[in-house]
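Below is one structure, written out as C-alpha cells; comments come after it.
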Amino acid sequence: MTSPEQLACHLARARARTLRLVDFDDAELCCQYDPLMSPLVWDLAHIGQQEELWLLRGGDPGQPGLLPPAVEGLYDAFEHSRASRVELPLLSPARARSYCATVRSAALDALAALPEDGDSFVFAMVISHENQHDETMLQALNLRTGSPLLAATSALPAGRPRMAGTSVLVAGGPFVLGVDAADEPCSLDNERPAHVVDVPAFRIGRVPVTNGEWQDFIDDGGYTQSRWWSERGWQHRQRAGLTAPQFWRSGGRTRTRFGHVEDIPADEPVQHVSYFEAEAYAAWAGARLPTEVEWEKACAWDPATGSRRRYPWGTEEPTDTYANLGGQTLRPAPVGAYPAGASACGAEQMLGDVWEWTTSPLRPWPGFVPMVYERYSQPFFGGDYRVLRGGSWAVEPAILRPSFRNWDHPYRRQIFAGVRLAWDI
C-alpha cells in the first residue's frame with residue numbers, strides 16, 4: 001500500500017493545485033463559462049464534500065456531516081446536471097474554501113491515525129477524485145472568453161518533427177490486460193482485475209497525430225466529404241457545423257488557448273477533437289483508431305520479459321524526462337519530445353500530452369468488482385461512451401498509469417483529447 005507520508009504529499013499537491021485554479025475573484029468563480037461545465041465554485045465545494053463523505057464519514061451519506069443535508073445535496077453530481085448548477089444556492093467562494101480547509105484538517109488527522117495495516121485505498125480514491133476535477137476545471141477555464149487568467153509555469157522540450165506519421169509494430173500474442181490491487185494499490189475498479197487476452201499483431205502510431213497533419217485533412221476537404229465519416233458522425237458534423245478542432249479560428253492557422261490567440265504549432269499533437277472527428281481522420285489517413293486493449297498492450301507490454309511495465313518506460317516514477325504531465329505547461333509538447341518515455345514497442349508520448357480516443361465502449365473487465373464508491377464506473381457501463389487512454393498534459397502524475405481508463409461521449413470536444421492511429425497487418 002502507499003505509505004501515509006506519500007498519501008499526505010499527494011493530498012497536499014492536489015490541494016495546492018486546486019487552490020491555484022480558484023485563485024480568482026468571486027465573480028469568476030460563480031459564473032458559468034459554458035453550459036458544459038460547472039461554475040468553479042461548485043467544483044471546489046464538491047471536492048471538499050466528497051473528501052468529507054469518504055474520509056470522515058466512511059461513505060455513509062446518512063451520517064451527519066459538516067453541511068446541512070439540503071446544502072450537501074447541491075453537490076451531488078448525479079442529481080444536478082452541469083448546466084443547472086449555476087442556478088443552485090451554492091456556498092460562497094469564501095465558505096467553500098473554509099469548508100474544504102476544515103475537511104482537510106480532519107482528513108489529515110484521520111490519515112495520521114490510520115493503523116499500519118489499515119486500508120488506505122479510500123485516501124488514494126479521494127486524491128484521484130480531486131486531481132480529476134482539477135483537469136475538469138482546466139477545461140472550464142479554457143472555455144472562458146476574455147483576457148488570460150492562467151500562464152504556463154513550465155517550458156517544454158524540443159520535439160523531433162520527423163516522428164510524425166511514423167508507426168511501430170506491436171507483436172501479436174497474449175498479454176496481461178489490466179492490473180490487480182496488489183500490484184497497483186491506487187488503481188480504480190474499472191482497471192481490475194488483471195487477465196490474459198490475446199491480441200493479433202498490429203501497427204500503432206509512434207506519436208499522436210499532429211496539428212499539421214490535421215490541417216492536411218482540412219485542406220483536403222475532410223470536413224466536407226461524408227465518405228470519411230460514420231453515418232452518426234456525419235450527422236453530428238452537419239448538426240454542429242464542425243469544420244476544424246474546437247478553438248481553431250477561421251482559416252485554421254490560429255487558435256485560442258486559455259485566452260491567448262496564437263499560431264497553431266504544426267508539430268504539436270492535435271487536441272479538442274471528438275471521437276467522430278478522430279474516426280473520420282483515421283479513415284481519411286487509411287488507418288483506424290486502436291481498441292483500448294491494443295492501446296494498453298502498446299503502452300505497457302514488454303515482449304522481451306513477457307510482462308507488463310508499470311509505465312511505458314519502466315518502473316521510474318513519472319517526471320518531465322518521460323512525459324508532459326501535471327498541468328504546468330497548459331499545452332501538449334511537440335511530437336518526439338520524450339524519447340526516454342518510449343514504450344517497449346517504441347511508441348512515444350503514450351502518457352501525457354493528449355487523451356487518445358479508442359474504438360472501445362466502456363465495459364467492465366471480466367471479474368469486475370465495484371470499489372467502495374460504486375457509482376464511479378458502474379452507472380456508465382453500456383452507455384454512449386468511448387474509452388480514452390493515456391492522460392493529457394493536465395493530468396497529475398500521481399493518478400496516471402497505462403491501465404487508467406477515461407471515457408466520454410463521442411461528440412465531446414472540450415476535453416484535452418487527440419488521436420493516435422492504428423493499422424491492421
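If you go along the chain as it appears here, the first residue is 1 and each next one adds 1.
Cβ coordinates come from backbone N, Cα and C, glycine included.
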Fe cation binding, same site as His129, His133 - Swiss-Prot member from His10, His46, His236: His46
Neighbourhood of His46 (Fe cation binding site) by C-beta distance under 8 A, where only residues 6 or more apart in the same chain count: Ser38, Tyr75, Ala77, His133
Proximal residue to His129 (Fe cation binding site) among binding-site residues Arg82, Ala83, Ser84, Arg85, Arg412 (C-alpha distance): Arg82
